[in-house]
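Peer 1: From TrEMBL, for reference:
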type     : residues                : note
ACT_SITE : 190                     : active site, proton acceptor
BINDING  : 220, 221, 222, 223, 224 : ATP binding site
TRANSMEM : 43-60                   : transmembrane segment
C-alpha cells in the first residue's frame, strides 16, 4: 500500500456566531406592548450601549499600524521570499495570519555559467511580495536578499556578478532597497539568526543564558551549530550578540561539505547509502572523485548495496576527517573547534524532514532512527520501497537511507549525543512560528 505524504491542514478558522430567530409567538406578544414603554426602554438601552462602547474603546490598547518587511533567503537549492507582517515596537509583534512565503528554484549558485541571469530567478519572488504588500506600503517596505552556502562556494568574481544581477531587480522592485542589503552572509551569521528566531519563538530571547536553546541546522550544503555558553573559546568561534541590555556569548560555526568525494572507491563504485536494488545504470562504473560535492549534490550510482551500518561508518569517517590537523583542545567535526553541547537544543531542516518521513517522535529519537534507517536501507528498492512510498519522487526518496545514517553519525558518533538524549527537540516550527534564520535576520535588523 502506498504511503502518502502528510497533508498540512489549514489554520483553524474563527468560529462563526449563530443568531437564533425569534419565534413568531414572541414577536406577536412584543407588538402588544405599550409603544411608549417600548420607546423608553429602547432609548435607555441605546444610551447604555453607547456609553459602554465608548468606555470600552478608551480601555482597548491601540496597536501600531501594520508594517511589512521582505527577506529573501537565497539558499543552495532555491530562493525563498518571506513577506513579514508586524506591528512595530521595541520587539516587533509578528502577525502570522498575514505573513507568507514562496520558494523558487533553482538556487542562485546554479547561474555560475551565466551570472547576469541570476537576478531573473528572484523575479517571481518579488512579484509575490508585491501581491502581499499593499501598494501604499511599498515605499516604506525594506527588501533584503541574503545569500548562503551555495553562493559562498562560487569564486568571488562570479558570486559578485550574481549578486549584482539581483541588486538590479531589487532597485526596480518598488520597495525600499539599498545595495548593501543584498549580500552574502557567513555560515556563523546564518546560525546566529536561526538561534535568534528559535529563542524569539520560545520566549527566551532577552532572558538568562542558561534558559536559551541552542540550534543545530542540517541544510543542503552545510551544518550550523549555535548556542550560548560561558566557556572560553577561540576568538574565531566566539560571537558576541547583544539584545537590548542582555549580552550573549555564542558559539556559532558553519561546516561546509563535510561529506564529500570519499564515498567513491578507486574502481567499482560501491554505494552503501542507497537502498539495494536501485540501478540507474547497467553494471559498475568508475566515477571521478569530484562528483560528490555535498550532501545536497549526493547522487547514487550503480552497485547500490543499501547497508546502514556501512553508510554510517563511511559518513563518520568523513565527518571526523582532518582531526589530526586540529590545533584546539576539542575538535569533533574535522579540524574545527566544537565545545561540549550545553543545555537544550533544536534540530531543524533536514533533521525534521527525515524524522517526519519515518514517522518518529522528536524526543529520544536516535535509537528509533537507527532502527528505521537500517530497515529502510536494507529494503529492496523496486519490490517494496517505491511501492510503499509512491507519492515521493525518486530523488528525495533515495536520500532517506543516507540522511538517517548521516544524522546518527553526526549527533551520536561525532557530537557524542547519547542515544536516549532528551534535550534535543526536532522541529521546524514552535507555537506556529517557523524556526527560520530569515525571521532571525529580520529581528536582528529591528533590534
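Just so you know, glycine gets a Cβ as well, placed from its N, Cα and C.
TrEMBL: automatically predicted annotations, no manual curation.
Describe the structural surroundings of these features, if you would.
Peer 2: Taking Cβ-Cβ distances under 8 Å and a sequence separation of 6 or more, the neighbours of residue 190 (active site, proton acceptor) in its chain are 148, 217, 222, 224, 254, 437.
In the structure as shown, the Cβ atom of residue 224 (ATP binding site) sits within 10 Å of 27 other Cβ atoms.
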Peer 1: Neighbour count, 10 Å Cβ-Cβ cut-off, for residue 222 (ATP binding site): what number do you get?
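Peer 2: Here the count is 25.
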Peer 1: Between the binding-site residues 220, 223, where is the Cβ count within 10 Å the lowest?
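Peer 2: Counting other Cβ atoms within 10 Å of each of the binding-site residues 220, 223 gives the minimum at 220.
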Peer 1: Any idea what DSSP makes of residue 221 (ATP binding site), helix, strand or coil?
Peer 2: coil
